[in-house]
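I have placed the structure first, in the form of structure tokens, so that the comments after it can refer back to it.
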Amino acid sequence: MSLSVQQVRMDNKHPTVKLSVHPSRALMDEAFVILVQNVPPGSQVTLHALHRCEDGHRWEACAHYVADSSGNINAADDCSVGGSYFGVEPMGLLWSLKPVPGSKPGLRMRKKNVQTPMVVTISVFKGHHTEAFMDQVPLASWVVERWYMAPGVRRIPITEQQLTGTLFLPPGPGPFPGLLDLWGGGGQLMEYRSALLASHGIASLALDYLTSKITTETGKMVDNQYFETAYRVLQQHPQVLGSRIAMLGLSLGTVFTLKMAVYSPVVKLRCAVCISGSHIQPVSGGPQQMMDLFSRNFEKISFSEQDEVIWRGLLLPIPSDPSLKVDVGRLQCPLLLVVGEDDQNWCSHESATDMKQMMERAGNDQLLTLLSYPETGHLIEPPYTPHTPSSMFRGAGVGQKMRVLWGGKTPEHSAAQEDSWRKIVTFLRRNLYGGSDPHAIHLSHL
Amino acid sequence: CLRYAVLIGDALQQILASSIRPAPLLTATPVRTLVDEQACIKASFLPSNHPVTVCARMRSDEGDLWQSFAHYNTNSRGTFDLNSDLSVGGSYSGCEPMGLFWSMQPAPGERDGLRLRKKCVESPYTVHISLLEGHVSPNQEPVKELAAVTAERWYMAPGVKRQEIRQNGLVGTLFIPPGPGPFPAMLDMWGMGGGLPEYRSSLFASRGYASFCLAYVGHKDLPGPPNTINVRDSYFQAAFQFLQDHSHIAADKVGIVGLSYGCYLTFHTATLAGVKPACLIGINGPVGSSREILRVNSLLSLKHILCILQILMKPLVLMQLEEITCPLMYIVGEDDLSVLSIENADLIEETLRAAGKSHLFTRLSYPGAGHLIEPPYSPMSRATFIFFSCSVMTVWGGHPAPHAAAQEDAWKKMLEFMELNLRR
């Protein structure tokens, strides 16, 4: 037995410290309560979280608390006075996770395998510490699992008609409302948001439109019909209600969400959600034309003091030419726009303002809900996802990785993720589950 | 002709309804829980003031189908919530947030005399909860499933370690909570059904107590014939010592818990030399009276009666309860038809009072509860086949709703008792 364990056993002649985290198995967007009991009243303790991600990197966070007169700490009610976050932050230990010192620079945490949980070890240490946790023995530890998929959710790879995607179906007979889920310029097939939406009752199809199998094999980007094909596949699925389909896009994904919502004769959306994106695009073009637009504006990129790439200027100034931005005045379904005011990657804030003005002029602004968050960056992810202010990023089809600045200050960005997700799920449920169907046939017409 | 038109209209309306509207939404929060935690079941996007049935189904480790159902009416907003609404029929009635779980019974057509006991604690029960149209029984045809959600019920928290113990003649399983320790611990014993039920110990470990469930009869790794107890006092002393000596366990914070004959063993072990438990919990168990340990039930065969009495007569003296020096909690199911729990509780109370030790005694007494007071939300069985004879039923007693309430309250009080005596 090591000396430090012996020391702890001697110290523990006193009441045994109890740490509980409830629930110990939760969905990624569910909150937990961390309780510490039986520490000496008024004593200083540190709460610590440790996670080893799929790539093998270690992430940690810590917070400093002072026990109350009963010897208890409740992270949902009590104030952190130091560490990775300050104040009353029930979920701070998750969203303030950062790579441990000495890690490879520019990491971003993204779960690839959604069928297994994210495992986090929560510990309580005597005293206030900010480092060298591996060299100390905690007073107590607990393990929590964070899941993207609820039990019973079905994961179905979609490869028909040259699509590359994954469909997540909620449990039950259905039919379920559907959603087409688009990520941004990094490409790959990211499943975690769709898995989470299916866990909330929405049949969600995560679609890879930049690095799909057909693009990887032929070297050619897909065109706009690819999105229409994906919509049709969703619409015709026996467990999806074809008249209640939404689209959700982040970053580059918003470009095609808005394009389909306004211009496609095939895609009829019940509602749309656009996060950190823009309506600025060659309206008649597809992914290749969008990439060409970025290339043409290459001189508009700038750099931070730490040499991080800032891309927010690429699409500015907002054009007045109608062929260069989606005419959102023609939108016929509710639209939820989510933007971070410190977005350093896209001009999402300016775009949102322009879209609002266009809709006000056209008289359809009652369809618009705009959520704008100060000190919030580009990567507005599901709640409690660690904030990434900048990371190594390779755009699809681009040769090298570069350090890209996304923006945002961790506490504000994390609060925005929590608030926006709740509102996104409510917006989707209200529009997809509720309300009357505009295409309903009234019985009196028969 | 008009009637025909109305019928067609109804049919069309139904077809159109399912093609226009998505299914209603049924949610359980959280979807993954420990067995002693509540799950909140709600539904929304239903028609208002509409009759629906919620049905829960799951398979035991042996493959038997267990189920329950309840009838609800949605409110004017088209929702209902098991936390606040009333069941108006089915397996339970009234406001019972966890009713679907504790009221489960073997589905029609399943084997008789079943008892639900999880063998493998490292995997969850998967409960399929569905919403059915109207006030129906789930077994009547046709049944229209409107929505469903899958919930997992776990006996082990993440990070809890399970170790099979086969050393020094001991047969048991040790559960250690995550973390450095040292932990307070419980020695955990069940009744004459034998075997090695692990699920209470795994739940204790999921609440931060190391727990060692000990087999003493009816286990293949124990010596001698399976239907007699072939271990002596030294076995139980060794089990207690094992916990005290364990590097992850705080030697002065070890308690003992037992149900039924395990309760007798709990108190008996506490009086053995060298055993100083920090607390004791006994549930519906005999304490060694010479004549009235068991109420002999008319369903038992003669052979069976002889078999049981033989085992219990062996160390048959009134236990030296007055020697106990630690707090003792005794839990009574007042409808226990297999052990005279009330009388046993009275005996303990009198003995301790006479010895000036009343302050050590806590009695919990539950009207309507039977013999098998299990972890909360577990289904109860009023009578089941017991271990050594499949043709004989033992009647345990208990009525579903009060028994369920007893399990919930007793568990909470057991954990508080352990907190008080093993941590402070």
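Every residue gets a Cβ built from N, Cα and C, even glycine.
Feature annotations, courtesy of TrEMBL:
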- B:Ser260: active site, charge relay system (ACT_SITE)
- B:Asp336: active site, charge relay system (ACT_SITE)
- B:His371: active site, charge relay system (ACT_SITE)
- B:234-422: domain 'BAAT/Acyl-CoA thioester hydrolase C-terminal' (DOMAIN)
Spatial separation of B:Asp336 (active site, charge relay system) from B:His371 (active site, charge relay system) - C-alpha basis, Å: 4
Rounded to the nearest Å - Cα separation of B:Ser260 (active site, charge relay system) and B:Asp336 (active site, charge relay system): 10
Cβ packing number for B:Asp336 (active site, charge relay system), 10 Å threshold: 26
For the domain 'BAAT/Acyl-CoA thioester hydrolase C-terminal' (B:234-422), mean pLDDT (0 to 100): 84
